[in-house]
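Visitor: This is the feature table in TrEMBL:
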- 20-43: transmembrane segment (TRANSMEM)
- 55-81: transmembrane segment (TRANSMEM)
- 112-134: transmembrane segment (TRANSMEM)
- 155-177: transmembrane segment (TRANSMEM)
- 262-284: transmembrane segment (TRANSMEM)
- 381-412: region 'Disordered' (REGION)
- 384-405: compositional bias 'Low complexity' (COMPBIAS)
- 484-509: region 'Disordered' (REGION)
Amino acid sequence: MFSTEQSCWFIRKVICWRAAASIAWAVLLLPPITAVFVILSRFSLLHPIHTISECFSLLMSASAIFSFILLCGVIIMVGFLNLEYYTVIPTIACSKIAMFGQLLHPRQFVNTLVHCIMGIIVAWCCAVTIGGRYETLGYPCTQSDGSTQMCLNEYHLILLLAGAFVGFSHSLLGVIYNMNYVSFTTVQQYKYLRFKGSLPLVVKCSATQALYSIRNYIVVYFFLGHIPRAWICKTLNLHLNSSIHTLDSIAGLLDLSLLYHMWISATFLLFTWYITLLLFRIFVTEVYSFPVQSSFTEDAHQCLPKVLSEKQSVIVKFLALQDLALLSQHSPSRRCEVFSLSQPGGHPHNWNSISRECLSLLADLTQRLVAYHDTVATNGRAKSLSTGSERKSSSGTSVTSGTEEFMSPRPTLLMKTPASVFARSIGRGQQSPLTAPFTPELDSPFTSPSLRRLTAPLEQCSPWYGTVQSPHVMRRAPKLWSASTDSQINGSCPPSPASVPSPQQETSKPSLLTQFLQNRKEQVKNFLAKRVLIMYLFNKLPEASSQALFADSQAHIWALEGLSYLVQASFSEDQFGVVQTTLPSILSCMLGLQEAVDRHFKLPHASSKPLRWSSSMGDSTYKTLRFALRATLKTAIYRITTTFGDHLNAVQVSTEHQKRLQQFLEYKE
């Protein structure tokens, strides 16, 4: 087992330097962006030459240099927040209340507060740069009695509050649209080409979001603008100029020059932040080439097999799997290192480590899909764990039997959250089968009575068990996941273990206080379950549940591509036959996953392809990962069958998998 310093080497030596490079480029791009903002904010059609010369003289002034230093600090802070909050596995809220929970999380509260402060700083720099009536917060004014006092410059105040509101909106939209999600591109491009291609989208998203944010801010300031104005006046001992209209009125807000300057300032703020985010995504997802094997023992933890097999950060795992998928396609020399034998000993350690980790990832996804199918039925009702856990499909059995001697034993987590898919060292604790966000919580106080009635466990001796005699009472659709039940002898129902009372259950009876609290709890549940708003907040979103189930499928896509291309190349490049020894396990694992994926897509909400939201910088590729996984899985199996052909008939797999394999050989899938 490697030390903590060795396990974090990639974060210290690669990820942090990539983040620093993205911040440096964002700072270098800040002067031309600021110059464009100054020209747009001060441009005059009547005097264009004078405006340009005035803008250049302003950029060389002391106030502009000080503002630039503050903007550089804001860019560095935004880059640090990107490094702190980024993720390669998106957090998908499967209900409205879960989304509110993410928005109200203390970590998100700190993020929102920091964005509001940075928005005020950027708005102050914009106000100083624009100058004129926006330059200072207070100015000397003459009252009606002839005395001179310091009055509040509400134009400056409204611009500062607009920056805080835009920062607040940006932070909330970052949670809603998963802007901290970093996806990997399918087509590899140079960083400059990626930046150039994404620049029009950044401009469009910045201008559009700034327009909507200023619209919402105007509405809020119209109703609540007097509160911060009065507080600022009282705190700084400023007065209001009675000779001019306040800006929280229709006459004050219908100022086209004010609206334009607020919109251009918000666009500048969002554009600098989005540029920093775009550069961070480009640098972090750049391909990293891991060595397959090393001649030095101290560098063994940096090799690809060790990085894949050991417990690492998720970003390291993803980059290692991406490198595996690329070397399996485009690098014959590195493939030879994967197929090589160790000296001395002659063992294929590289291939064993790589294939074991890939098969483990695919087996974990298969178990998740099987557990999801055992929990959610075709018509939306959930099945109990006792029924789903005792019944096993033939594909699940074949996958386990095909890989149990090749893979190390791991704890089975039925409904594991996708974000923890790489966390192997989890204890064998008893877990509930109905775990959010994938399945409806039947014990929740907000579950509808009809769902609880449908999901109530039935006794096997009950006349309602099995086939329903009357179609007018209950209609059942055919189940997706086939299961074999034990044959009953003499037509009698086997005794249920739950129906046999234990001595402890007979002696222990609930007290009167416990019964009273339980009754009150049930009354509260029934009362809240009848409220429409409560049901709206707590009902599960089936589409989001399906997306959360495949949230980490990019890793499985690379594992499928890496395995299939290596198996294809082994037909002519594997001199020692190290791949053929594990070919049955690979085929069984892929075919079992293909069966589970096909059954998942028969669910009502799994096959509906969501529309991509193009007016936001949030990456929505995670919504279509399940479709990409299905296509990659079928392509991987066809890649193997077309290479080996009829030789696969000699591979030892189960009878059901042999039939499905024959369909691939005959191009009938």
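Placed from the backbone N, Cα and C atoms, the Cβ positions cover glycine too.
Could you tell me the structural context for the features on the list?
Guide: Within its own chain, the transmembrane segment (20-43) has Cβ neighbours under 8 Å at 51-52, 54-55, 58-59, 68, 71-72, 75-76, 78-80, 82, 126, 129-131, 261, 264-265, 268, 271-272, 275-276, 279-280, 282-284, counting only residues six or more beyond its boundaries.
Same-chain residues lying 6 or more positions outside the transmembrane segment (155-177) and placing a CB less than 8 Å from one of its CB atoms are 99, 102-103, 108, 111-112, 115-124, 126-127, 133-137, 209-210, 213-214, 216-217, 220-221, 225, 228-229, 232, 247, 258, 261-262, 265-266, 269-270, 273, 613, 616-618, 620.
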Visitor: Against which stretches of its own chain does the transmembrane segment (262-284) lie, if we need a Cβ under 8 Å and a gap of at least six residues from its ends?
Guide: 15, 18-19, 21-23, 25-26, 29-30, 33-34, 37, 40-41, 71, 74-75, 78-79, 82-83, 86, 119, 122-123, 126-127, 130, 158-159, 162-163, 166-167, 170, 179, 182-183, 191, 194-195, 198, 202-203, 205-207, 209-211, 213-214, 217, 315, 617, 619
